[in-house]
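Student: Pulled the feature table from TrEMBL, pasting it below:
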type	residues	note
BINDING	C48, C53, C56, C82	[2Fe-2S] cluster 1 binding site
BINDING	C131, C134, C145	[2Fe-2S] cluster 2 binding site
BINDING	F303, L354	FAD binding site
DOMAIN	361-468	domain 'CO dehydrogenase flavoprotein C-terminal'
DOMAIN	528-633	domain 'Aldehyde oxidase/xanthine dehydrogenase a/b hammerhead'
BINDING	Q708, F739, R853, A1020	Mo-molybdopterin binding site
BINDING	E743, R821, F855, T951	substrate binding site
ACT_SITE	E1202	active site, proton acceptor
Amino acid sequence: YDLSSWSAGLVYSAEERMVLDRSQMIGCSKLFLDLCVPVGLTGTKLGCAEGGCGACTVMLSKYQPTSAKCCIFTSNSNLRVCVCSPLGEWVSGPLCSLHHCAVTTVEGIGSVAGKLHPVQERMPKSHGSQCGFCTPGIVMSSMLCSGTTLHPAMAGHRGGDSKVNFGVKLVGVATVSVCKTNLSAACSSLHPADFLPLDPTQEIIFPPELMVDTLTHQHTRGVNTNTYLTPSLSVYLFHYLSVHHSLCLSFSLFLSLSLSLCIVFGASCSLTLLGDVLKAAVGKLPPYQTEVFNAVLEQLRWFAGLQIRNVAVLSFELVGCCSLTLLTVKLGTDSGNKFFPGYRKTILTPEEVLLCVLIPYTKKVRHTHTQTHTNTYIVTSGMSVTFAEGSTIVKHLALSYGGMAATTVMAKNTASRLLGKQWGEELLQDACSSLAEEMTLHPSAPGGMVTYRRTLTLSLFYKFYLTVQQKLGAYIEGVRADYISATEIYHQTSPSSVQIFQAVPDGQKEEDVVGRPMMHLSALKQATGEAVYCDDIPLYENELYLCLITSTKAHATIQSIDTAEAESMPGVVTCVFAKDVPGSNMTGPIVYDETVLADVTCVGHIIGAVVADTQAHAQRAAKAVRITYQELQPVIITIQDAITHQSFFQPVRTIQRGDLDQGFTQADHILEGEMHMGGQEHFYLETNVTVAVPKGEDGEMELFVSTQSATKTQSLVAKALGVPASRVVIRVKRMGGGFGGKESRSTTLSTMVAVAAQKLKRPVRCMLDRDEDMLVTGGRHPFYGRYKVGFMKSGKVVALEVTYYSNAGNSMDLSLSIMERALFHMENSYSIATIRGRGYVCKTHLPSNTAFRGFGGPQGMLIAESWMSDVALSLGLPAEQVRRLNMYIQGERTPYSQILDHITLDRCWDQCLEISSFTQRRAGIETYNRDHRWTKRGLSVVPTKFGISFTAAFLNQAGALAHIYTDGSVLLTHGGTEMGQGLNTKMVQVASRTLGIPSSKIHITETSTNTVPNTSPTAASASSDLNGAAVHNACEILLHRLEPYKTKNPKGCWEDWVTAAYFDRVNLSANGFYKTPDLGYDFETNTGRPFNYFSYGVACSEVEIDCLTGSHKNIHTSIVIDVGNSLNPALDIGQVEGGFMQGVGLYTLEELKYSPEGYLFTRGPGMYKIPAFGDIPTDLTVSLLRDAPNDKAIFSSKAIGEPPLFLAASVFFAIKDAIIAARKESGLSGPFRLDSPATPERIRNACEDRFTKLCPPAEPGTFTPWAVVV
């Protein structure tokens, strides 16, 4: 057969018909996104390259000749055929799998210039987009399809009935949005009439030319050894197998077939189709026949997202050894286990292919159960039991576990030991003892969490035991009522929310938009994919791409670098190293203690870079660079390592008030404790990116950068290039998220790209992949705190000594300022007479940690709430009572001597208790916990007091530039950067009110260093205060200049006055400036005023934990927060919701895993879990405190970016409250240590019971752990 004649090219459609010939298809690894960018389809974004974030979602449709219908589904555009890599990460399949597919990107459904699709319209108008980088993916995910039509399902986007609300880092679904002038009068802010109806002309038509018989055979040969084949006849298949051994098959004919004993699924059956068929069978067949089906469906429910399940097929999941392969051994035999002889291995030979998968019906006396706990390295189980006819005597038992060895293992000894026994308490005890002996793990086992994983094997069996006992009700005594919750399958309830804010005063002019919930100015463009981000800038004609070369050692000297192989590769232009830096190789945001290139002081240290014609060529060559190291000692990774080696940056900061010895003498009780709080990855959806364009003369360079700190980027690039800062221009249009991660760490990449561009005199671009970004940039500082607290019998705290240690990483960066803010927040919201806080900044061999939303405040306050919780526990008093007793009141002084005025903490507290129905909720929880042994609920209310200002006084300044053009339009520029928080929108609102003109006349194009110089970073929650005041100043100057013409022509309009001033030769351009007055603090004398004012807030949260697995769900949260007179309630509420959910990630989900050698394991969403839809509290209420004007900021507003994040600590302490209830069942009481984040592992281990006692941890120091707590 002449196979070379197969498939002359790839034919697909994306907005317009595209045909790729065979030369364009060389390299099957090319992504669909690679083809979108050159033709200007930049709306679809690559957020993680794992299919974990959804930013790259598109809609696929393909004609199915067998059914004569069009099959429509969403998919990740970087995942064609879903294959799992040996590291458990999703990797992309071939572009050729799009043959004869219609691909609809966000540009294909509507545009701002043309007509919006209803989905695109609802999201912005409902304030559902902030940074907007992932908004196109969310829009396309909402285009749910069924049948043969391409109509989107609008259930989640009904105008007025629901709203999608992005919280900067994730999406939250809300159902009610109201404005309230008081708590009894409400008005709906959204109505169905506010939205466009679905226009039939906007229906997406499937291209007729693609409605062909797709069953003809196709094949594509890649640049590697893989061949992708869709054969129509088996003769072609077997001929091909005789020639080629590496083959990936797509059996489009093999879907599903129901037989008498099982259902047969073809190898190419998608996981979505698998689920649909099994659901249909469950609905039709008797329950006893479908227990296996239900077990598979439960596994599918936890497997990836819908976009992945739509394209992931059984053959790749099984042969690729993904986590779904556990299904093959969940069903009662160990035959599936034999299919996988080793980790990521199967018994298939190169000549064999997988044709189909058979899933059997269950027999009447058989019971099957599956339990899944998230993450590749946590335990998954499948269990099946068969009883002798008419009895509860075990005839056959199969117990399989994943995550307990390199392959899925069968607990054969335990199963054998239980045969012939009655299903009862004696069997349970024998099973647990036997499993504890059989399911062992070495303390150094990959994946870590050894004690937790061992305990889970027992806990999951216990759930299986209770489930079976419940089904055997006709033969034995049923399950105790308070145990039933252990058998229930978790289902997420759709969340709903209420937002409460104060309406603008009666009589405020319609054109005055300050205080109104004005839509984010970029929201419509974000929803249509038209918003331009840094990497969306069209390629320059002679542009090159840069890829970093990073260290694989934590502490070493470089002996040699071999670039010969890399430089000989296709497309490579040059390599860049320290010798190529024309200026200074030293860099850093404050202290120049870092190098642009060279030194090796952490894994991920940037050593050099490869520059090539394409990203693929640069990345391939970078991997080919060979570096020889001489490793050095010691390698300091953790805070404990730093304490041992006394590795600290100087100075050590201290704040003290009063005589501690005397304070502790007066106390009735003294308590000591400690706590560790983990770090956090920023996980901005847009990774760090820079485009550097040399101008060709005088050393001029223009850089397009995703950064929060344009001026710092300018100065450090100029320093490295050896030119004055005036020769370097930094331009920032918008960022796809920042969170502090782009305040100082973005400068290293920008400098590297600029050096390469100057060396080659050509434009150079680099956008980091997600794993690169997580490796090299650092994140939130891990903290370790020790405390000693003295308190009275009433719960009043009278003395506190606390010591903080932060893991700064390999350079100072902003770590000293972060430690200072932690000390400024060491008492949180509580008045303590005598207090001392001391902070040590630890120098370690990790990538330098940096600013992150809250900037040390969340760490300092969490440790404060930990000792407050311990005080309440030790006294046996309600935690809320002790917190309220110790809270600040008006006029009291902080430990750093600042007087608190206009304090609203008590109002926030009382209103939060009211809107959360705290008393009734607490009573309900006590009843629930009495009635449930294995699930417990907890409740906590936590306050926050967050200081607003840069603690470095010189940064509290801002500039603005306003131009009025002769047509009356205004161009506004300020020193802040837009990263989704709505800063530009607020600045337009400020200018609109000041100038007295509609906001539509005002435009902000970008932030650039050649318009407003010497800007402070967009950080510290102060950007609206600083830049708003500067904008106000510039506009007032212009108004003053226009005043004579307004007086002369009072009946004229804005345009008349502008024209008159222009002809009178009046300057219609003005610079504005502002500096925050009366700031400054001296650590030596403990005097001064570090903050301009404080933001206050209180949150009440309720959670439910599973005591057997450690999982939890967020049931309720009420938040009351003081934002002064809100400039824009919609944006402020979005910041509250987003900050809160980011805090939920910090305190309950996100855990960085480092090896003892400093290697970061968690480099993508596959292992690093950020909050998602299911983590939003089922019931969420956000209330902006009314009648609380702030006279220290623009238009009486308050900062909002950082203060809400710490309120998520209410979830952490609600979890701790639930654990207290669980420990009470085991006779345990009093204070106990719970570190952050409160992961399932920590929750389960804290809920001590008879199962945990069977799995004691190994003695520390007797083994080398897989991962360490840094």
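The backbone N, Cα and C atoms fix where each Cβ goes, and this holds for glycine too.
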Student: Take every residue in the domain 'CO dehydrogenase flavoprotein C-terminal' (361-468), average their pLDDT values, and give the whole-number result.
Tutor: 88
Student: Could you tell me the C-alpha distance between C56 ([2Fe-2S] cluster 1 binding site) and A1020 (Mo-molybdopterin binding site) in angstrom, no decimals?
Tutor: 31
Student: Please state how far apart, in Å and to a whole number, the two most distant Cα atoms are among E743, R821, F855, T951, the recorded substrate-binding residues.
Tutor: 17
Student: Around L354 (FAD binding site), which residues of its chain at least 6 apart sit with Cβ under 8 Å of its Cβ?
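Tutor: Within the chain, L354 (FAD binding site) has Cβ neighbours under 8 Å at A267, L314, S315, L318, V319, L348.
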Student: Counting distance between Cα atoms, which of the recorded positions C53, C131, C134, A1020, E1202 is nearest R821 (substrate binding site)?
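Tutor: Closest candidate to R821 (substrate binding site), judged by Cα separation, is A1020.
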Student: How many Å separate the two farthest-apart Cα atoms among the Mo-molybdopterin-binding residues Q708, F739, R853, A1020?
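Tutor: The widest Cα-Cα gap among those binding residues is 12 Å.
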Student: Is it possible to list how many residues within the domain 'Aldehyde oxidase/xanthine dehydrogenase a/b hammerhead' (528-633) are helical, extended or coil according to DSSP?
Tutor: 21 helix, 37 strand, 48 coil
Student: Please give me the binding-site residues out of C48, C131, Q708 that lie within 10 Å of E743 (substrate binding site), comparing Cα atoms only.
Tutor: Q708
Student: With an 8 Å cut-off on Cβ distance to the E743, R821, F855, T951 Cβ center, who else from the chain surrounds the substrate site?
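Tutor: Residues close to the substrate site, other than E743, R821, F855, T951: L814, S817, I818, E820, A851, G856, F950, A1019, A1020.
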Student: How many other Cβ atoms are found within 10 Å of the Cβ atom of A1020 (Mo-molybdopterin binding site), counting all protein chains shown?
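Tutor: A1020 (Mo-molybdopterin binding site) is surrounded by 26 other Cβ atoms within 10 Å.
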Student: Based on Cα distances to F739 (Mo-molybdopterin binding site), point out the closest of the binding-site residues C48, C131, T951.
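Tutor: Going through C48, C131, T951 one by one, the closest to F739 (Mo-molybdopterin binding site) is C131.
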Student: Give the residue counts of the domain 'CO dehydrogenase flavoprotein C-terminal' (361-468) per reduced DSSP state, in the order helix, strand, coil.
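Tutor: When I sort the residues of the domain 'CO dehydrogenase flavoprotein C-terminal' (361-468) into the three classes, I find 40 helix, 28 strand, 40 coil.
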Student: What count of other C-beta atoms do you get within 10 angstroms of the C-beta of C53 ([2Fe-2S] cluster 1 binding site), across all chains shown?
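Tutor: There are 25 of them.
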Student: For E1202 (active site, proton acceptor), write down the residues of its own chain that are at least 6 apart in sequence and whose Cβ falls under 8 Å from its Cβ; none is a fine answer.
Tutor: R853, G854, F855, G857, F946, A1020, S1021, G1139
Student: For a quick check of packing: other C-beta atoms within 10 Å of the C-beta of C48 ([2Fe-2S] cluster 1 binding site), how many?
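Tutor: Here the count is 29.
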Student: So of all those binding-site residues, C53, C131, C134, Q708, which one's Cα sits nearest to F303 (FAD binding site)?
Tutor: C53
Student: Relative to the Cα of T951 (substrate binding site), which of the binding-site residues C48, C53, C134, Q708 has the closest Cα?
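Tutor: That would be Q708, the closest of C48, C53, C134, Q708 to T951 (substrate binding site).
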Student: Whole-number Å distance between the CA of Q708 (Mo-molybdopterin binding site) and the CA of C131 ([2Fe-2S] cluster 2 binding site)?
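Tutor: With distance taken Cα to Cα, C131 ([2Fe-2S] cluster 2 binding site) is 13 Å from Q708 (Mo-molybdopterin binding site).
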Student: Work out how many Å separate C53 ([2Fe-2S] cluster 1 binding site) and C134 ([2Fe-2S] cluster 2 binding site) at their Cα atoms, rounded off.
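Tutor: So the alpha carbons of C53 ([2Fe-2S] cluster 1 binding site) and C134 ([2Fe-2S] cluster 2 binding site) sit roughly 8 Å from each other.
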Student: What's the most sparsely packed of the binding-site residues F303, F739, F855, counting other C-beta atoms within 10 A?
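Tutor: With the binding-site residues F303, F739, F855, fewest surrounding Cβ atoms within 10 Å: F303.
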